[in-house]
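Novice: OK, TrEMBL features for this one:
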- His84, His182: substrate binding site (BINDING)
- Asp101, Asp112, Glu239: divalent metal cation 1 binding site (BINDING)
- Asp112, His175, Glu208, Glu239: divalent metal cation 2 binding site (BINDING)
- 12-246: domain 'Peptidase M24' (DOMAIN)
Amino acid sequence: MSISIKTGADIEGMRLAGRFASEVLDYLTPHVKAGVTTEQLDRLAHDYIVNEQGAIPAPLNYQPPGYTPYPKSICTSINQQICHGIPNDRALKNGDILNIDVTVIKDGWHGDTSRMFVVGDASIQAKRLCQITYEAMWRGILKVKPGARLGDIGHSIQTFAENAGYSVVREFCGHGIGSKFHEEPQVLHYGRPGTLEELKPGMIFTIEPMINAGRREIREMPDGWTIVTKDRSLSAQWEHTVLVTDTGFEVLTLSAGYPPLPDFVTAALAA
Ligand code: MF3
Ligand code: CO
Ligand code: CO
């Protein structure tokens, strides 16, 4: 097994899938407010994905070995939920933070992206966790270029998150992506510089750090999917699908409604 290298038409397909995944989040954004249930968000996302572009929500009935089929079209992970939260009839309430993770299959190609949303006025601590996690993801992305290694990405995310007083979830990671939802390589969000696989132009993978306000240990809920922090501390996650280009990276999951880039990203891109 090895890491696939995408070329011409593959990359163009991945660009369209990636942008559409991000547009689904743009579309959901005004609906994310107190009183809305995550099931309503799931329905909105499902219908938009299917009707707007004739695409497929990749999570629906997705079944990795050892899992039951995932029952919904998006993942919604609230507060102490780390990832894979299943939309249900629980209404969002003021102060909640939640991750919405969208993966579409468009013309056979997968686009995978997630963002944090803050419902009404959240605590300063909750907002800081979302912001630090966002910056941590971008610090990982900025490491992406030919010749760099996966360990550089993980190290950059880990040092930034831990210096902020947070912990990095180890059991889940980013992943290669293309005609399959999850391919090689695994993209760990911790590690040592100069280690692991060397990046080459045409590789496409996600970077999707899960950062806990407290300890890094996780617990799986009885539904077989939802992962929560063992100490019940808040957790945040952001995700992009990223292409290794000849000179650096291209983020495939951007769209018109994407939140502002951190200043250090704008500065790095201008340099
Ligand atoms: N979108 C998640 C990821 O980033 C995977 C969700 S699997 C599901 O890899 F079945 F829960 F949808
Ligand atoms: Co992913
Ligand atoms: Co995802």
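Positions of Cβ are set from backbone N, Cα and C atoms, glycine also.
Could you place the listed features in the three-dimensional structure?
Specialist: DSSP assigns His182 (substrate binding site) to coil in the three-state reduction, outside any helix or strand. Under 8 Å, Cβ to Cβ, and six or more positions away along its own chain, His182 (substrate binding site) finds Pro64, His175, Gly176.
Sequence-distant neighbours of Asp112 (divalent metal cation 1 binding site) (same chain, 6+ residues apart, CB-CB distance under 8 A): Ala21, Ala58, Asp101, Val102, Thr103, Ile177, Phe181, Thr206, Glu208, Glu239, Thr241, Thr253.
A simple way to gauge crowding: the CB of Glu208 (divalent metal cation 2 binding site) has 24 other CB atoms within 10 angstroms, across all the protein chains here.
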Novice: Count, for each of the binding-site residues His84, His175, the other C-beta atoms lying within 10 angstroms of its own C-beta, and report the residue with the smallest count.
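Specialist: Among the binding-site residues His84, His175, the lowest count of other Cβ atoms within 10 Å belongs to His175.
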Novice: Could you list, ordered by sequence, which of these binding-site residues: His84, Asp101, Asp112, His182, Glu208, have a Cβ under 6 Å from ligand 2?
Specialist: Asp112, Glu208
